[in-house]
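Asks: Please find one structure pasted underneath; my questions will follow.
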């Protein structure tokens, strides 16, 4: 197959950041994706309806002329979140609330430290039809970074899912066989997103031959057996798994430093890279479900009606992109060849 046409996809997990960065990130995503779930981990985090409304306006103002791209907004759960916050956020158009364990990722220090205390909030979310998005890692310093996702499932996620059968839960950016198996065996109210980097790479691509800071993300890349499990699960075409890039921009100097930031900025190449993975797996017929159908179906939103066409044509991801402030950013897969290209995009 040398050409494939899909219903226009959505990105069910990304980071736009704020300020000048929006002039880069919003057009990059709006190029191909009709909607995106926007993460709330700004400084300060987006925790209530007023902050969401203001952030959404800043995103809309950064859309290219004529764009109909729609940001789908989220709020950041803290131990101070109340049922009224959920009600107000829902009224403001928020579709989901994000659970970050404190310290798990960029700008998550304000996040949840006592998970059980949030059970009344989860109850309110189920009642009011708001999804729970989960960064599924424990953060205790004595737990090995490669084991934190599996430990989170065992310690917390299994309990949340069992306690709230009416709550839709998205286990975001899963990285392990443990997570894939958990989602596959869970009830229909549980789904997961998978990033391009966790399908394309494993921890050798981060650490062999030198540290590769632009492949560093959280949750961290795992061993190849976990990568293969993720690839196998998308090849099944299961509706429990859908596209979420976790595209997460950081300026070049913040990645290439003594304490480099976590995140892969994949917006300019994500759909093409997913196509490459599905092609390699002999499962191109499953790409549209993953990219365009399973996400809106799970969220209870209409599928898009426009289409995007990809052709089998080689191109090279740019080595860097200059941000509006003049500083460079290195995109994911920089300088690498990609086998699929969007037609007329």
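Including glycine, each Cβ sits where the backbone N, Cα and C put it.
What you see is a predicted model, and the numbers here were worked out from it, not measured in a lab.
Among the features that Swiss-Prot reports, active site is placed at 246, with the record citing sequence analysis. The annotation Zn(2+) 1 binding site is assigned in Swiss-Prot to 13, 15, 98, 246. Per Swiss-Prot, substrate binding site is recorded for 15, 16, 17, 41, 135, 218, 250, 262. Residues annotated as Zn(2+) 2 binding site in Swiss-Prot, with sequence analysis given as evidence: 98, 135, 173. Annotation comment: Swiss-Prot describes 98 as N6-carboxylysine, evidence class sequence analysis.
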Asks: If we check Cα distances from residue 250 (substrate binding site), which of the binding-site residues 13, 15, 98, 173 wins as closest?
Replies: 15
Asks: If I take the Cα of residue 16 (substrate binding site) as reference, which of the recorded positions 98, 173, 246 has the closest Cα?
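Replies: When the Cα distances are compared, 246 comes out closest.
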Asks: Using only C-alpha positions, which one of 41, 173, 218, 246 is spatially nearest residue 13 (Zn(2+) 1 binding site)? These are the recorded positions in the record.
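Replies: Spatially nearest to residue 13 (Zn(2+) 1 binding site) by Cα position is 246.
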Asks: Checking the contact step here: among the binding-site residues 15, 17, 41, 98, 135, 262, which have a Cα within 10 Å of the Cα of residue 173 (Zn(2+) 2 binding site)?
Replies: 135
Asks: Looking at Cβ-Cβ distances, which residues of the chain lie under 8 angstroms from residue 246 (active site) while being 6 or more apart from it?
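Replies: Residues satisfying the criterion: 13, 14, 15, 172, 173, 193, 195, 197, 217, 263, 264, 266.
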Asks: Around the recorded Zn(2+) 1 site, report the further residues of that chain (criterion: Cβ within 8 Å of the mean position of the Cβ atoms of 13, 15, 98, 246; site residues excluded), sequence-ordered.
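Replies: For the Zn(2+) 1 site, the extra neighbours are 14, 37, 39, 41, 133, 135, 172, 173, 244, 248.
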Asks: To the nearest whole angstrom, what is the C-alpha distance linking residue 17 (substrate binding site) and residue 98 (Zn(2+) 1 binding site)?
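Replies: It is 15 Å, counting Cα to Cα.
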Asks: Among all the protein chains here, how many other CB atoms are within 10 A of the CB of residue 13 (Zn(2+) 1 binding site)?
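Replies: Taking every protein chain into account, the count is 27.
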Asks: Just name the most isolated of the binding-site residues 17, 250, going by other Cβ atoms within 10 Å of its Cβ.
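Replies: Each of the binding-site residues 17, 250 was scored by Cβ atoms within 10 Å; lowest is 17.
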Asks: Could you tally the C-beta atoms, other than its own, that fall within 10 angstroms of the C-beta of residue 41 (substrate binding site)?
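Replies: Taking all protein chains shown, residue 41 (substrate binding site) has 23 Cβ neighbours within 10 Å.
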Asks: Which one is it: of the binding-site residues 218, 262, which Cβ has the fewest other Cβ atoms within 10 Å in this structure?
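Replies: So among 218, 262, the binding-site residues given, the one with the fewest Cβ atoms within 10 Å is 262.
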Asks: Among 15, 16, 17, 41, 135, 218, 250, 262, the annotated substrate contacts, find the widest CA pair distance and round it to a whole Å.
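Replies: If we measure all Cα pairs in 15, 16, 17, 41, 135, 218, 250, 262, the largest is 19 Å.
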